[in-house]
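Below: the structure, in structure tokens.
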Protein chains: 6
Amino acid sequence: MAGGLTHLNEKGEAHIVDIGDKAVTRRRAVAQARLVAKVETIAAIMGGSLKKGDALAVARIAGIMAAKKTSELIPLCHPLALTKVVINIDVEDMDAIRIEAIAETTGQTGVEMEALVAASTAALTLYDMAKAIDKAMVITNLMLVEKSGGKSGDFTRL
Amino acid sequence: MAGGLTHLNEKGEAHIVDIGDKAVTRRRAVAQARLVAKVETIAAIMGGSLKKGDALAVARIAGIMAAKKTSELIPLCHPLALTKVVINIDVEDMDAIRIEAIAETTGQTGVEMEALVAASTAALTLYDMAKAIDKAMVITNLMLVEKSGGKSGDFTRL
Amino acid sequence: MAGGLTHLNEKGEAHIVDIGDKAVTRRRAVAQARLVAKVETIAAIMGGSLKKGDALAVARIAGIMAAKKTSELIPLCHPLALTKVVINIDVEDMDAIRIEAIAETTGQTGVEMEALVAASTAALTLYDMAKAIDKAMVITNLMLVEKSGGKSGDFTRL
Amino acid sequence: MAGGLTHLNEKGEAHIVDIGDKAVTRRRAVAQARLVAKVETIAAIMGGSLKKGDALAVARIAGIMAAKKTSELIPLCHPLALTKVVINIDVEDMDAIRIEAIAETTGQTGVEMEALVAASTAALTLYDMAKAIDKAMVITNLMLVEKSGGKSGDFTRL
Amino acid sequence: MAGGLTHLNEKGEAHIVDIGDKAVTRRRAVAQARLVAKVETIAAIMGGSLKKGDALAVARIAGIMAAKKTSELIPLCHPLALTKVVINIDVEDMDAIRIEAIAETTGQTGVEMEALVAASTAALTLYDMAKAIDKAMVITNLMLVEKSGGKSGDFTRL
Amino acid sequence: MAGGLTHLNEKGEAHIVDIGDKAVTRRRAVAQARLVAKVETIAAIMGGSLKKGDALAVARIAGIMAAKKTSELIPLCHPLALTKVVINIDVEDMDAIRIEAIAETTGQTGVEMEALVAASTAALTLYDMAKAIDKAMVITNLMLVEKSGGKSGDFTRL
């Protein structure tokens, strides 16, 4: 371990850390992202004539499929078999959408990265669909909300 | 187009929009993300005993490889052949790292999503490597900084 | 070429055929699939309380994303950059749904396989979502409907 | 669950359903597809001068590799580790080839989609190799043949 | 550029180098690998009862499909659209098989890595199929044989 | 089994062999590759002004990420969840670099191919970064070094 970073050895070289001796437990993580945009952009994504449109479904599917790709994207993540993925998308303020991603597995390592990748990809997919009308949107508050299972203990953002 | 969202047709159904008639031009986009963390976490990632470690290289590679996967992640993105990808990682404040991603192509559509995917993946990779010491890190200010090329005109964040 | 199959050489060995001398032209293909199921299954997928549900959107996105993966799935297909992908899903009979996939590119080879892969993946995704209520569904009439562009001439199914 | 579709919640939103509490059992599925073509096309694929050619091997490998990609293609499929995949390709009639795909795993969810994706991809790969001589081929009877393991009980097509 | 390595900037940081100003030319590369094994292993792979078996076809397909994945495997490779891929597998000596891979494109960058990835993957696939009878096989002479097209000039191994 | 090759059935047809009845055990494999180059090339990769550069980190990450892609590259490999991956890169001679890859899992099949794919991809990534200064580099001695776990017994290269 180098400087506290578990993914680097004492020489600072990256590796996938050994989890072969860790217990198989039920693990869960919840992450979120916030997409801040103009009021009209939020309305275009969430409401009005689009109520029956695919916009939120596309973002949900993107988040779900990205969760399954996490170990291809984050170089030092262990591959794992997700047992559940849920994406919730809600208006938080007139100018902000909140994306929540829930990931679960039964295995030897946690699913924090899967939840974070799902939340950021769903948010970026909303950006992609609305960027023709508003390039200045910002994704913020991309973070872990809670985590349970595994030896390192539970985490809940206060 | 539904409610201004170009990626949905008049019935609100998602599709990959036709770019067959758009001009082939040189296109460039710059995106950024900001990773906010405890002072000690930033130090562990950027400095001290890790100076020669792989931490930043892992994040750079993750961002570069993710840029190449953009059309697999963002459902309605057109596949395109990037001609350049650069990731810059710098300390912005004692408690924040700034990740910048530059993407370029010569083609019929822009590379905003490639730059954004690269920036968010590099930031999430730093999160992954440091999460054992600090689960409360937050990614913020994930946004397009500038964009040029193409008919919709240039964009520069003020 | 072995026995008329262009993808095999005179010894019968598979290869990706040389298209380096073919003209760059606008190319388009339309494929379809038909999902035959019980009347109640079709109703569950297409109508009633699901009218605002994600079912068709999930299938559309699956078809679109699969089209972009065609050269990873069909071993001897050339990689190409799609300029447009559309999936249309409609009730054809009380017991059948018709999936249509349209793919376009500007390049040296056709997009028949992209359209076929999109149609079959969208149909299989509907199967996946409804299989808990009806495992006996059948996909039939998976075929090319029309094709234009390229030296081999246009094709229209009569 | 919306309208009987287990992959949608009560609001009709897609998610990957929770299988964390399901039993780990041995699971098996058999699917098939039928490629209908001109007699000469079937002969070109299956026989004569091609007897030692790669045509069927290419289709078999395509089906096997696609089975391993199922959770990347079907958005709401759980990732799982296949323990066996077999593709059988036989002449069924003078104008039809039958493709059979067998998939097995030991896990918390079934492998119907893996078998179906394998069968359709093998059939589409045969189409790809023969399309220069016969664009009018049709894939039909793509369906589950039998399924065992898991709580929902066994299924055998009569 | 750091120490002559074009893929690193003056600070030693990896990036995908800018090829936006390079000419679009026809490019070709040939690579090879040599699989050295016991005489009986070579016989099992190449001959006798296996003459009509899939062994060489599986290796050819693996090499072809890997060539298309090169930019996913080699972090700093540009994505490109191959116009031709051929894998030739021949007995070189009683105890060695020679694998040759030919790759071509029309683009702004060369296809050396595509040819090398194809040759090594085909060789490793032969290893995989024969490892139950001979784990001591060695892959050697994995190298570029010739290269043409592009500004850096042609290369031919003497 | 055809001619001793377990991956082919009695008719010589490729399939993914059934491992459903094999025991779940701890499995480990070590593979290596040797990159032979001019003395100046080795110096450019390993030393001097590049000491703090990303060159070795890029190769390590490439090897690690390729290990996770093994079942996508080698057609008849079972997918499996790696519990550890380590890549070591060292100067072996003035004109040679040795790449060692270690892979581990707990499962029903071995990880020899994961270790070999990691070693070859790391070596090819070094080739990619240095090819502008030395196209004549050769990868040699790509082979299994040791293997443990599973019924077929341990293997150690003498």
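Each residue, glycine too, has its Cβ placed from N, Cα and C.
The active site annotation in TrEMBL covers A:ASP128. For A:ASP128 (active site), no same-chain residue lying six or more positions away in sequence has a CB closer than 8 A to its CB.
Residues or ranges marked as substrate binding site in TrEMBL: A:LEU76, A:CYS77, A:HIS78, A:MET113, A:GLU114. In sequence order, A:ALA29, A:ALA67, A:THR70, A:LEU80, A:LEU82, A:VAL85, A:ALA103, A:THR105 are the residues of the chain that are 6 or more apart from A:GLU114 (substrate binding site) and have a CB within less than 8 Å of its CB.
Marked as domain 'Molybdopterin cofactor biosynthesis C (MoaC)' by TrEMBL: A:17-150. In the domain 'Molybdopterin cofactor biosynthesis C (MoaC)' (A:17-150), helix, strand and coil residues by DSSP number 48 helix, 47 strand, 39 coil.
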Per-region confidence, the domain 'Molybdopterin cofactor biosynthesis C (MoaC)' (A:17-150) (mean pLDDT, whole number): 94
Short-range recorded positions relative to chain F, from A:MET113, A:GLU114, A:ASP128, with Cβ separation under 8 Å: none
Cβ neighbour count within 10 Å of A:HIS78 (substrate binding site): 22
Listed binding-site residues (A:LEU76, A:CYS77, A:MET113), ranked by Cβ neighbours within 10 Å, top entry: A:MET113
Cβ-based proximity (under 8 Å) of the recorded positions A:LEU76, A:CYS77, A:HIS78, A:MET113, A:ASP128 to chain B, or none: A:LEU76, A:CYS77, A:MET113, A:ASP128
